[in-house]
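Trainee: Below is a structure I'd like to ask you about.
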Amino acid sequence: MLTISAYAKINLALDVLGRRSDGYHEVVMIMQAVTLADTVTLTEQPGDITVTCDRSDLACDHTNLAYRAAALIRDTFRIGRGVHIHLTKRIPLAAGLAGGSADAAAVLRGLNRLWGLSLNSRELEQLGAALGSDVPFCLHGGTMLATGRGEILTPLPPLPHCFVVLAKPAVSVSTAWVYGNFRREAVGRRPDIAAMRRSLAQADLAAVAAGLGNVLESVTIPAYPDIDRLKRLMVEAGALGSLMSGSGPTVFGLAAGREQAEHIAATLREQTAAEIFVAETLMKVEE
């Protein structure tokens, strides 16, 4: 049996350049891993792949990304054994935090060890990219520039250690719906990726927080105005900056210290019905 943590991600910056010929969108993102995590337990068994979960609202069939990750690695390398996957969920579903991708990445890393495959990082990334655009990042964590459809990764200087307050309103947002309704002309301000990279190189947390930007807010916020309210409340409570993560609806705020983060979290719990989490930035996912 093997137990692995599957870490959530946030987007410090997200820009969409346009739709590609393969139907995906060309993106430029700066991604950051955080310590909010699911727990993935792998137990070898004869025969089939099975998945269970502590949440009844998550499908545990062949459509689950963790199942698909196990099936891909088993079929690719002609493994004659099965595995039982149990997911203990802490990352909210359909939240813009890559919970499903994180679980899939954990399965790839875990089965690489459990089945003695000795796959290197590049081989794992290629498998991950076949499952979803965020899976390659979730294999590594840390702070990364992601380009292409999100699967081409370039390591960046780490975001200075800080605390991350996450607020998930009581709605779920379809990533496909958000990208399908994205119109570049509706974007007010695009993130300055080059400036963000300079701020990271200078380890300037305040400058990073000031430069947070996500063009997908132009789609999600008009449909779900609570997102904008959460962003505003976070800053009013003392966050250095706040942003919607991914396609939403989760909003995060950055805080330099734990005390400030806990104050922001307490304020949001008092004033909103959102699920609130306090996490920290994560340098690197353990291989």
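The backbone N, Cα and C atoms fix where each Cβ goes, and this holds for glycine too.
For reference, TrEMBL lists these features for the protein:
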- K9: active site (ACT_SITE)
- D134: active site (ACT_SITE)
- P92, L93, A94, A95, G96, L97, A98, G99, G100, S101, A102: ATP binding site (BINDING)
- 64-142: domain 'GHMP kinase N-terminal' (DOMAIN)
- 197-271: domain 'GHMP kinase C-terminal' (DOMAIN)
Trainee: Using DSSP and three states only, what is K9 (active site)?
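Mentor: Once the DSSP labels are grouped into three classes, K9 (active site) ends up as strand.
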Trainee: For A94 (ATP binding site), just count the other CB atoms lying within 10 A of its CB, please.
Mentor: 19
Trainee: Let me check the 10 A CB neighbour count of G96 (ATP binding site). How many other CB atoms are there?
Mentor: 30
Trainee: Using DSSP, tally how many residues of the domain 'GHMP kinase N-terminal' (64-142) sit in helix, strand and coil.
Mentor: 45 helix, 7 strand, 27 coil
Trainee: Using CB atoms and a 10 A radius, I'd like the single residue among the binding-site residues P92, G100 with the highest neighbour count.
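Mentor: Sorting the candidates by Cβ neighbours within 10 Å, the top entry is G100.
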Trainee: Among all protein chains shown, how many Cβ atoms are found within 10 Å of the Cβ of A98 (ATP binding site), not counting that one?
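Mentor: Around A98 (ATP binding site), other Cβ atoms within 10 Å: 30.
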Trainee: Report, in whole Å, the straight Cα-to-Cα distance of K9 (active site) from A98 (ATP binding site).
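Mentor: A98 (ATP binding site) and K9 (active site) have their Cα atoms 6 Å apart.
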Trainee: Report, in whole Å, the straight Cα-to-Cα distance of D134 (active site) from A102 (ATP binding site).
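Mentor: Rounded to the nearest whole number, the Cα-Cα distance is 8 Å.
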Trainee: Just to verify a number: CA distance, G100 (ATP binding site) to D134 (active site), in angstrom, no decimals.
Mentor: 9
Trainee: Given the binding-site residues P92, A94, G96, which lie close to K9 (active site), meaning Cα to Cα within 10 A?
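Mentor: Of everything listed, what lies within 10 Å of K9 (active site) (Cα to Cα) is G96.
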Trainee: Per 10 Å Cβ neighbour count, which of the recorded positions K9, A102 ranks highest?
Mentor: A102
Trainee: Please work out the helix, strand and coil residue numbers for the domain 'GHMP kinase C-terminal' (197-271) from the DSSP assignment.
Mentor: 43 helix, 11 strand, 21 coil
